[in-house]
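This report refers to the structure that appears directly beneath it.
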C-alpha cells in the first residue's frame, strides 16, 4: 500500500476550520462572521422552533412535529456551539497527531491494516456527507412542491406573513448548509481521531508483545518498557483530551436521541398516523440513531483495544529477568493500565455499547406515555420518568404494596369509586366488581353482564357484609336500557370485554362515594398500577374477601403476555404481574386497574379485570385486563345518549 501521511487524513477538517475562521491563521473577518452573525442566526432560528410549541401543543402530533424540528436543529446547534467555543483546542489536537507513531514503522502487513482502517473511516465519512447532502436537498425542496409544507422544518412564523416565511426559509437553508460543514469538521474529525487512537493502541500492543525478556538484554528491555509506557501515557492523555472536546456533546446527544426516538416511535406506532408522517418519522429516527451509533461504537472500540494493551503488559515475561526494577516497573505499569479507558458524557454517563442499547428501550417506553398526555406535563413527565420508571404507581405519596391473594385491606374512602356487584342469572348467581364513572353509570366487564337478569350495586363501603351507614345500594333490572354491553363483545375470545350499568336514580356523592376519571392515555408498559377487588384470597379458599383488597402490579408488554397466552392477547388488552403471585382472582372480574398520572391529583381508570391464568390465581402467570382508553369514546357516547 502506498505510504500516506497520517495528517493528510485531517486536511479536510482543517480546511473547514479555516473556512469558519477558527484556526490561528484564519482572518478575523471570518471568525467575526462565524461567531457574531451565523451563530446568533442559528440561535434565533432555534428559539423560534421552540417557541412554536406555544401554538402547536393541542395534540401529540403537533408536539411530535415540533420535537422533530427541535431535534434536527438541536443536533446542528450543539455542534456549532462546541466548534465555535473550542475550535483552538481541536486544532491543537490535530497538530499533536505528528507525535503519533507512523504506520510504516511497523511491518507491511500491520501498516496495511492501519491504513485500511483509516481509509474505511474516510469512506464512511464520505458516505455520511453524501447522505446528508441528499437529505438536505430533499428537505429544502419539499416546500416548493407541497403547498401545505411552509418550511423544511416546522417553526414559528411571526404574524404568519409571507415575508417572514421567506426569511425563515432562507435561514433554514443557511443552517442546513452549515450542517454539511459541521458534519465534516465535527463528526468527521471525531471519527478520524477515535479510529486513529484505536489503531495506535493496537500498535502499542504489538510493540509490547515484541518484548522478550528471556532473549533480550535487560537494559534493552528496560529502555523499551520506558518508551512504551511513556507512549501509553501519551495515548491516554489524547483520549482524555478527545473526551474533553466531546463530553458535553455526548450527554446532549444522549438526551436528544431519547427525545427524538420516543416522539418518532409514537408517530410510527399510532394507528391514526398518515403514511407521510410515518415515512418522515422512520427517516428522522434512522438518522438520529445512526448518529448515536457513530458516537458510541468508535468510543467502545478504543476501550476494547486499550484493554488488550493491559493483557499485553500482563504477558511480558518479567519473571525471566533478574532485574528488580523491571519486575516492579511491569507491576506498576499493569496497575495503571487496568483503569478502564472509557469516554463519558459530562461525567454523567459512560459511552459504552450497553448504554447505547438502553436508549431505544427508554425511547419506546416514553413514546407510549406521550399518546394522550396533557401537553402541560409532557416535558416534566418525560424527565421524571427517565429517572423513575415507577412514576405512575404513586398513591397517597407512597408506592402501594400488598396483594389481592392474601393482600392488604383498603382504608375507608381510599377508593370511593369501587362498586361491588351481586349478579343473578337464570340458573346462577355470581359476584363481580365495577367502578362508578358517573352519577348514573357503573363501568364493569361485559362478561359479568351478558347473562345477567338483575344486578345489585353496592357503593360507599369497603365491606361486603358488615353494617356500614355509608353503604348505598341500588337494584338494577336487566334491560336494553340498563345493561349495555359493547356491541363487539365476544364471550369466547373475551374481545371488547366492557359493559355499562345504568342506574336510573342518581348516586349522591360524598367522601365515601366518588366517581373515577376515565383513562386519558393508553396504558404504557414497564410501569406500576393498582388492581382492586373483593375476589378470592387463595385458590384453596373459594369465599370472597370480606373487605376490599388492593395490590401493586407491573404493566408488561403484550409480546411478553402473548408468549404465555398466545394470539388472544390483542392491542385492546393489557397484562399485569406482581412481584410474586399477586393479582386478581375469582370475584375480581370487572374490577378496575388504576393509576395516578404525574401532575394529576386524581386517579384514572385504565383497565378492568378480564381473565387470569388457568393454572390458578396463585400461579406466577400474568393476569389480563381490558384497556379503558380505546373505549373512552364509546363510553362517553353511550352516556350522552341518555
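Going from the start of the chain as shown, residues are counted 1 onward.
The backbone N, Cα and C atoms fix where each Cβ goes, glycine too.
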TODO: Quick one: sort out which of 99-122, 123-146, 195-218 is the transmembrane segment according to TrEMBL.
DONE: 123-146
Task: Stated TrEMBL location of transmembrane segment, expressed as one of 166-192, 220-246, 301-327 - done: 166-192
Task: Other parts of the chain folded back onto the transmembrane segment (123-146), taken as Cβ under 8 Å at six or more residues beyond its ends - done: 152-153, 169, 172-173, 176-177, 179-180, 183-184, 187-188, 191-192, 283, 287, 294
- [ ] Take every residue in the domain 'Peptidase S1' (404-640), average their pLDDT values, and give the whole-number result.
- [x] 86
